[in-house]
Amino acid sequence: MLNIVLFEPEIPPNTGNIIRLCANTGFQLHLIQPLGFTWDDKRLRRAGLDYHEFANIKQHHDYHSFLENEGVTGESFARLFALTTKGTPAHSAVSYQAGDYLMFGPETRGLPSYVLDNMPPQQKIRIPMLADSRSMNLSNSVAVVVFEAWRQLGYSGALLKE
């Protein structure tokens, strides 16, 4: 299983879509607070449909609580990847492993410098885009990376028809 980490997500439908994605892929979802919405927001529920009960979701009070609660230190910190337009390697250049953490920033501002500055360059990855593009929608970005990582892991746990 892999882990999706949303750092202070702001837009309920994006998070709802990602909940549904995690429920359908078996990925763990981590939400780092504060959230830009309440947990009972109808837009969150509508986007996630009835998948909330099938997704494995953990909420963390802040970034440091996330690191501590998940034991993301030392060697395991090397398996935390930050998706950022400031990254160099493409998301598809990473050799993903079970247990990896894929962290995405808030929709309007991306990951803060105090997170990115403490990560080595090879852990700051990006999704290729055209030169004049600013960013992609959060839920679309998560889906792109999730399916690349899952593909590399042989779609572990998926029902595949031969």
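From the backbone N, Cα and C atoms, a Cβ is placed for every residue, glycine too.
Note that the coordinates shown come from a computational prediction; the quantities given were computed from them, not determined experimentally.
The following features are taken from Swiss-Prot:
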BINDING   LEU83, GLY105, ILE127, SER135  S-adenosyl-L-methionine binding site
Binding-site residues: LEU83, ILE127 - member with fewest neighbouring CB atoms within 10 Å
ILE127
Counting other Cβ atoms within 10 Å of each Cβ, which of the binding-site residues GLY105, SER135 scores lowest?
SER135
Residues sitting within 8 A of the centre of the LEU83, GLY105, ILE127, SER135 CB atoms (S-adenosyl-L-methionine site), not counting those, run THR84, THR85, PHE104, GLY110, ARG126, MET136, LEU138, SER141
LEU83 (S-adenosyl-L-methionine binding site): secondary structure state under DSSP, collapsed to three categories:
strand
